[in-house]
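Student: Swiss-Prot feature annotations, pasted as is:
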BINDING   17-24, 81-85, 135-138  GTP binding site
DOMAIN    8-283  domain 'tr-type G'
């Protein structure tokens, strides 16, 4: 089956927003008007086509980015729905990697909100061309002009209106198109399907002229010929103006701002026109780079005749099809039934079922081309961020970077059956979401879930209970402490048990001292003259190792310690490996006491990004958490604060930071090193655990 749409006619874009700005409703309307969705799904009734997981339908928030294909004016739109909640920013970043452009939805009443700032910064990081849609213009308090000012003040970006609203709040009727200098109004009866051009209302003529002038002046700056003509009094025609707005979007010279009310079905068709007119096709953005087997840089052009290269950006477990891997094809042609290589993992895969997804209905296809976003069923090895490519022309596309999880909880299945289901379920969840990790605590044997935030883990637990029917108890978050000796100690210990028959006898003499940080446990025997026979040395080591997992301060693992066996004694009949194991264990515990063991706590490297107004509060709060500020710098119009903070003082921080900054500050943290805990902290931990 040959290609139906030229790659220049593709628009791979996402819809980004703060939670509740109307992103899912906007997507729903796009699907409705492009003829893909026959009944409009309302989020507040929990029926939106894009929000298809049970948890999303209940909470009214979008969690997974579903990819949907639709058509408008002869162009093929691949829409990637992205989540808008801060705990899911990993999903947003992942979507941004495979998008060519984005529509940023603002709540016309709220303007630029905290999460808008976060997704905007992520858009800057990946250099995603954007247009802005001021939604909810029918809401009480909606103010289009405040939205424009917010973009300048809070995002440090240059907005240019290409539409103005007609009517305010409940009287919102339509918009002024500043490119064509026409009014457009919608008929309420036809669910927004019918709209017509009108002359610009008299009360808006002056304002329309003022904003048209701003638009033209910003646009002509981008082309010397048009600028010269403009200075000679020649206005650019509609086609030229559109070409220049497109250029502005592609180079981020300015951001076109549109308006409407998706819920009231007004302004969606012109938004679709703007997606087609101004957002890039795959050939308008820089070609993707990768590396070959030898680490040399390779560029893959968006062309069907180039070697095949695709990136897996999302993995989902589908109850009917099994594992589905969403991929973006950057170059070449993908054909069902052929073999490819997963170059990230050096494994072969066979392409089985290929699907085009529409929220949660699917269409089987046999071929897909550069620029397509497809869902592949049944891949065995693929994980998020992996590259699949032609085995003869291998390439690894740039890897996605995922932040380390910052919060962990223990989970205990209630029954044996739950235990078995839990293992399978966690493996699937970890494959779907790289920011969610699972590990086993060797000390307690508990299964530990690690994630990006409290909501993130709540939803994982919810999925375990509903989708996989696992019943489990969830523990409170916990910190992993360690112990270490601080000074050299020498011990001489004799284990003697002689009560008729074969007794037990072993004597050991150790020097125990701190090792270099990160060196771990080291054992050396310097015994001479056979004081401890060679066959008993493994018993000595076994005794020492049994103490390492549970120290003398509060029962946490002992790290960075060196033990030297310098002398000992044995008995021809009563000595054994077991006797030396018991003697070594007791001697080591005594040496840990003598060597003044201390408690170590994990110190996290914390980065807070906050608007300047809140810098003082954020620093004060970090200091109160025993944090040490390492430095500050500016990123755009935000302040970046770097600090070292003990992990035990960081629980609940995300909620504190949100309330302290009205939700506008964000933070990341990762483990940096272990440090000695102050006496009061050590005493508190000993009281709890020892």
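Yeah, the Cβs are placed from backbone N, Cα and C, and that goes for glycine too.
Note that the structure is a prediction, hence the values are computed from the model and not measured.
Describe the structural surroundings of these features, if you would.
Tutor: Every protein chain shown contributes to the tally, and the Cβ of residue 20 (GTP binding site) ends up with 18 other Cβ atoms within 10 Å. DSSP assigns residue 20 (GTP binding site) to coil, not to a helix or a strand.
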Student: Sort out the sequence-distant neighbours of residue 137 (GTP binding site) for me: same chain, 6+ apart, CB within less than 8 Å of its CB, listed by position.
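Tutor: Within the chain, residue 137 (GTP binding site) has Cβ neighbours under 8 Å at 108, 144, 165, 168, 172, 259, 260, 261, 266, 267.
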Student: Restricting to the domain 'tr-type G' (8-283), report the mean pLDDT as a whole number.
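Tutor: Here the mean pLDDT over the domain 'tr-type G' (8-283) amounts to 83.
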Student: Which three-state DSSP class does residue 137 (GTP binding site) fall into?
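Tutor: Note: residue 137 (GTP binding site) is coil by DSSP, not helix or strand.
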Student: How many other Cβ atoms are found within 10 Å of the Cβ atom of residue 23 (GTP binding site), counting all protein chains shown?
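Tutor: Taking all protein chains shown, residue 23 (GTP binding site) has 29 Cβ neighbours within 10 Å.
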